[in-house]
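Chemist: Not my notes, these are from Swiss-Prot:
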- 1-61: region 'Disordered' (REGION)
- 1-147: region 'PIM1-binding' (REGION)
- 9-21: compositional bias 'Basic and acidic residues' (COMPBIAS)
- 52-61: compositional bias 'Basic and acidic residues' (COMPBIAS)
- 96-114: zinc finger (ZN_FING)
- Lys121: SUMO2 cross-link (CROSSLNK)
- 154-213: region 'Disordered' (REGION)
- 176-204: compositional bias 'Basic residues' (COMPBIAS)
- Ser204: phosphoserine (MOD_RES)
- Ser206: phosphoserine (MOD_RES)
Amino acid sequence: MSSGAGSRRPREPPEHELQRRREQKRRRHDAQQLQQLKHLESFYEKPPPGFIKEDETKPEDCIPDVPGNEHAREFLAHAPTKGLWMPLGREVKVMQCWRCKRYGHRTGDKECPFFIKGNQKLEQFRVAHEDPMYDIIRENKRHEKDVRIQQLKQLLEDSTSDDDGSSSSSSGDREKRKKRKKKEKHKKRKKEKKKKKKRKHKASKSSESSDSE
């Protein structure tokens with residue numbers, strides 16, 4: 001009895017047992033979901049029954065399979081087909097244009113600045129029609145231009161008003177100067193007349209004194 005009682009596993013507390021059962025349930029549920037996802041992925045990736053696979057175009061097929069082109073065909077067969085994804089969702093293609101010498105597009109692509117094929121007006125209309133920000137940018141530029149014109153007009157009006165004020169003030173100063181000059185001249189004349197009268201009076205007195213003697 002003692003050996004049988006000693007070999008028994010001690011009972012776990014009810015809380016630990018509940019936690020263990022929940023963990024087992026969660027693992028079973030995760031395993032079932034994983035199996036379902038694998039099934040869906042394999043089902044949708046497999047071609048339908050009776051599907052005849054056509055010949056796929058391979059990247060190395062653009063180079064003729066002739067002696068001497070083995071290295072180039074091998075390079076194209078294992079070349080990366082996806083671009084390098086940069087931050088903000090911008091894709092950089094590993095290719096160079098021989099016209100503009102920029103990376104990211106090939107010769108003849110519409111992204112090239114030297115692309116001049118087709119009608120330029122139609123291309124501009126296409127860009128304006130496809131780009132949702134084109135109208136907003138154009139309106140912003142027009143608004144900035146109008147604001148700039150208004151600012152320049154205001155500056156011009158302020159400068160003309162300042163010129164008018166300065167001209168009026170300068171004309172007023174000139175008139176004041178003229179009046180001062182006239183007053184000064186008048187005072188000088190009066191002083192000169194007084195001096196002349198005094199001289200005449202002195203001369204007459206001196207003549208009278210000489211006559212009396």
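Placement of Cβ uses the backbone N, Cα and C atoms for every residue, glycine included.
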Chemist: Would you count the other C-beta atoms found within 10 angstroms of the C-beta of the residue listed as 'SUMO2 cross-link' for me?
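Modeler: Taking all protein chains shown, the residue listed as 'SUMO2 cross-link' has 8 Cβ neighbours within 10 Å.
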Chemist: May I ask you to report the DSSP-based helix, strand or coil state of Lys121 (SUMO2 cross-link)?
Modeler: helix
Chemist: Report the DSSP secondary-structure composition of the region 'PIM1-binding' (1-147) as helix, strand and coil residue counts.
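Modeler: Secondary-structure breakdown of the region 'PIM1-binding' (1-147): 79 helix, 6 strand, 62 coil.
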